[in-house]
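*Asks:* For reference, the structure I am asking about is given below.
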Amino acid sequence: MAKIYVDGKAYCMSESDNLLQACLSSGLNIPYFCWHPILGSLGACRQCAVTQYNSSLDNQGKLIMSCMTPVIDGTIISINDDTSKKFRSNIVELLLTNHPHDCPVCEEGGNCHLQDMTVMTTHNFRNYRFSKRTHKNQYLGSFIKHEMNRCIGCYRCVRYYRDYADGTDLDVYGANNNIYFGRIEHGVLENEHSGNLIEICPTGVFTDKTHSKKYNRKWDMQYAPGICQNCSIGCNISIGERYGEIRRIENRYHESINHYLICDLGRFGYSHTNLKNRPKKPILSTKENDVNILNFNKAIEYATNFFQRYKNVIGVGSIRSSIENNFALQELVGKENFCNGMSDKENSCIKLILDTLKNNQLYIPSLKEIESYDTILILGEDLTQTAPRIALAVRQAMKNKAKDLAELYGIPKWNAAPISQISEIYKNYLYIFNTHETKLDNIADWSYFSSIDNQVRFARAIAYELDKNLPDISFLDSNLRKKASLIAKKIISSKKVLIISGSHVYSKSIIQASINIAISINQKNINHVGLTFVTSSSNTLGLGILGGFSIENALKKLKNREAEAIIFMEYDLYRYISKHDCDVLFKKNDNIMSIDHQYTQTYKNSGFALPSVNFTESSGTIVNFEGRAQRFFQVYDPMFYDKKNCLYVSWKWLSFIKSKIEKKEISWINLDNIISEYSDKYPIFKKIKTAGPNASFRVHGQKIARSPHRSSGRTALRANINIHEPSQPKDADTMFSFSMEGYSQPNKSISHIPFAWFPGWNSPQAWNKFQKEIGRQLISGDSGVHLFKSNKKILDIYFHFSPKKFIKEKYWYVIPYYHIFGNEELTQYSSIIKQNIPLEYVLISELDGLELGLKKNSIVEFNCLNQDFRLPIRLSKHLTSKHIGLPIGRKGFPISLIGEKVKSLWEVMS
């Protein structure tokens, strides 16, 4: 630590930071534009000027750019001297020369870094009286609105998009005072993290188009700290609501997970929560297919009779639902009748992953820690599509070699320009094993494209090269053996090695192979090894801990009359099982019950159905890919806006039914009650109570406010329904209040922050004030709690199996392919996401296409699982012959297709 004197006061600052970052970490305010914690320093905007003095006797000093100045012990600077203040005010005035006077109509207003910095520099009068240069705006897709006339030329957008996220279709054009940031031509931004431009840009050049359609100022929305439900990463998000609709999702800072960035699916994939056509009241279908709407009491009475009428009711849980909901279902039907809803293949994969997390000492890194590895192997996962934020972390890991080299030459890590140039030449090592092309191939040292079986064989060869005690690999051809040896040598010479695998290809063998490589590295005891498993949904691991049998076993029990009825909780059977088998089951539906917040095919076909609430309308806990339990919180009460609705979180419905059956008082009054019960019954959940404060938590006797203190129009929220203002809803489950009344400032006790605001800091840059140091941990520490402990003893138990060589057959073998938009279940109901879902197609190899005389977009037909398919084809250079890729997870493409065999496919002439 260095001692720095600022305006006559001494501060201890980190010598690894630049002066701007160090001052901000110390709570001092220096205006800035081009600098950003994840982008480093460029010195382009000249806004962060301060005066530096040679000694205490120096009265003149010199202006320096604090973002480009290292922290050196004994440095004397002034932020508030007249020279610095006047210079910074003049810079703002120059930057505003061509900026329009449109704050009242600008969507960034009240959430704008430019506004904050203009106020901070006390600039309030413009001397420029001439014409402003104007630009034409571009169409950038359905997510982002472009308003180029607001640009101040800070270069943040291209530095993030091109240098950080590796996007290629956004650049800077022009020169001098006439530069343009955009695409070569109109078109959708191609990068999966393009939405972060909205928060990276300090002005209103890039704004949220989904928010524009129903716009509210930041201070007029109600917020809650949420967890993204779209993949297994568990990114922290801030969810904003107004008039009973989710209006916006922003990144919520978490040092160990998403940091400052989230993917586009997490940011824009929320409109399914606002659907008007959603279940709102309990329904009962009659034999004549009539639908009767029930009130609350009738619904509970019928549900009670349902469980009394049928013996051994199977309860099907859901990977997209919270631990609380799944536990409540398990308690109602009993452990022996609890189905986790996963397929046989996924169930075995998740059991293996959980056993590894529970029993092994292999290190499971956080998302942020992934960036620190210098060699990464990805086995079987197309990360850009299945876990985009991890893919972005892998890209940063590849660039970190440049930072290490820069350090050798005395270049600090925050100096962006030279490091960016070095990273073009020197990168860390990345090896990818997949069935077909991925978007990370462009940064990989080598990509191995082959069948799953062949990937497992090659992974086994690498493990053998690391530990010769393993069985010989004579089965592998000489070229692949040489490649395996080369990769093993790179691994041995690395400081930190990461193996990434997962369950998306539904292969237990490939997970075992990845574990074997990690163990063989660990045996060397010369370098650090990490292991990351990507799973299919937000709470796959949480549900896996509760146990239960697969969906195939559940249907088998029904068929064999070992069970008489079934209840689906937030689960669509049509996503997992063929349409033919589902239709057979639903022919007689009076023994089928469903609880959900979407009109899924399962919900529609059930004999009795209860409407639940989605994740924005409820609070609960989920477990992410690293075994971190995280709490998400209710944003608003949907029944506040319409008392006629009968909407409850699933665990409350199940609690009402359970108490009625047992003729007892309701045991789970609030969220704390049910958390306490399952944490007692499952020792692994013992620490989960600390994942978030309980409902009685207060700061200075106050609950935490969900709304900013400037929130307006509360008395008019329901005036169109009733002019009499009702009292605000009471939240018995959490420490938050449904209003602006309550605590909202940085505090050592609060890590679940609904929204980022601090006096003078209205934009997302306000997160600076909630951190111990800029870009590092929150004042209160990271939220969430790790459920698994790592053992210190070295693991030496390998998985022994004989991977089969893929033999070309006369049948076609079905494999999955994924797209970021369209494979996750709930976002397929989102209107804005539907516009961005690629058309469905069949993926086959170019070799097979040539053999069959097929070209791109030729229409083919085939039959699988008693279902006919008719789709255009796409040709892959790398896909193994006789493999057929299908968009698993899309409507009409159930998970049960994976691994099935197709006898033949034929072209349909149009």
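Easy rule for this one: first residue shown is 1, then count along the chain.
Cβ coordinates are placed from backbone N, Cα and C, and glycine is handled just like the others.
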*Asks:* Cys151, Cys154, Cys157 show up in Swiss-Prot as binding [4Fe-4S] cluster 2; which entry in Cys106, Cys201 does that record put in the same site?
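*Replies:* Same [4Fe-4S] cluster 2 site in Swiss-Prot: Cys201.
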*Asks:* Which one of Cys12, Cys67 goes with Cys34, Cys45, Cys48 at the [2Fe-2S] cluster site, as Swiss-Prot has it?
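*Replies:* Looking at Cys12, Cys67, the one Swiss-Prot places in the [2Fe-2S] cluster site next to Cys34, Cys45, Cys48 is Cys67.
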*Asks:* Which residues, given as numbers and ranges, are at least 6 beyond the ends of the domain '4Fe-4S His(Cys)3-ligated-type' (83-122) yet have a Cβ under 8 Å from it?
*Replies:* 29, 31-33, 45-51, 61, 63, 128, 132-133, 145, 147, 149-150, 152-153, 177, 202-204, 207-208, 211-212, 215, 217-219, 760-765
*Asks:* Of all the binding-site residues given, namely Cys45, Cys151, Cys154, Cys231, which is spatially nearest to Cys106 ([4Fe-4S] cluster 1 binding site) at the Cα level?
*Replies:* Cys151
*Asks:* I'd like to confirm something. Which of the binding-site residues, Cys103, Cys151, Cys157, has a Cα closest to the Cα of Cys263 ([4Fe-4S] cluster 3 binding site)?
*Replies:* Cys157
*Asks:* Just give me the nearest neighbour of Cys67 ([2Fe-2S] cluster binding site) among the binding-site residues His99, Cys151, Cys157, Cys228, Cys231, Cα to Cα.
*Replies:* Cys157
*Asks:* Give me the mean pLDDT over the domain '2Fe-2S ferredoxin-type' (1-83), rounded to a whole number.
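*Replies:* Summarising the domain '2Fe-2S ferredoxin-type' (1-83) by its mean pLDDT gives 94.
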*Asks:* Compare the Cα of Cys231 ([4Fe-4S] cluster 3 binding site) against each of the binding-site residues His99, Cys154, Cys157 and report the nearest.
*Replies:* Cys157
*Asks:* Between Cys48 ([2Fe-2S] cluster binding site) and Cys103 ([4Fe-4S] cluster 1 binding site), find the distance joining the two CA atoms and give it rounded to the nearest Å.
*Replies:* 23
*Asks:* Return the count of C-beta atoms lying within 10 angstroms of the C-beta of Cys67 ([2Fe-2S] cluster binding site), excluding that atom itself.
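*Replies:* The answer is 28 other Cβ atoms.
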*Asks:* What is the Cβ neighbour count of Cys235 ([4Fe-4S] cluster 3 binding site) at a 10 Å cut-off, with all protein chains included?
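*Replies:* There are 27 of them.
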